[in-house]
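As recorded in TrEMBL:
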COMPBIAS  1-10  compositional bias 'Acidic residues'
COMPBIAS  11-28  compositional bias 'Basic and acidic residues'
COMPBIAS  29-38  compositional bias 'Acidic residues'
COMPBIAS  46-69  compositional bias 'Acidic residues'
COMPBIAS  76-94  compositional bias 'Acidic residues'
REGION    1-126  region 'Disordered'
Amino acid sequence: MTKEEEEEGRGEEKKKEMKEEDKNKKNEEEGEEEEEEGGGQKKKEDDDDEGEEKKEEEEEEEEEEEEEEERRKEEGEGEEEEEEEEEEEEEEEEERRRRRRRGGREKEELSNLLAIGLNFYINTNK
């Protein structure tokens with residue numbers, strides 16, 4: 001390997017590590033938000049299951065993206081195209097995060113409404 005290839009390899013490894021660290025931080029932040037919101041054991045189990053599924057999906061997407069990057073490098077595509085695609089991927093990731101946050105809030109609102117309805121039903125039938 002030439003020095004340039006070694007440096008590129010190190011750069012790629014650093015990028016992957018940084019992406020992983022960012023995702024870990026975001027997952028931890030989302031976990032803290034869910035803990036602050038409170039909820040029952042079942043909700044936490046459901047959230048854990050969903051979180052695992054999302055992590056698996058994200059890992060699969062990352063692997064696919066890495067494979068695509070390797071193919072592009074072998075084909076000799078320009079750096080500009082790679083940068084554009086990285087930006088697009090970041091935008092897509094941001095959109096996924098927004099959807100997840102919205103979904104979490106909606107679930108919390110629905111569970112609160114359900115609790116209110118159950119309390120009303122119980123109190124009216126005493």
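Placement of Cβ uses the backbone N, Cα and C atoms for every residue, glycine included.
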Secondary structure content, the compositional bias 'Acidic residues' (46-69) (per DSSP, counts of residues):
24 helix, 0 strand, 0 coil
Summary of DSSP states over the compositional bias 'Acidic residues' (76-94), given as helix, strand and coil counts:
16 helix, 0 strand, 3 coil
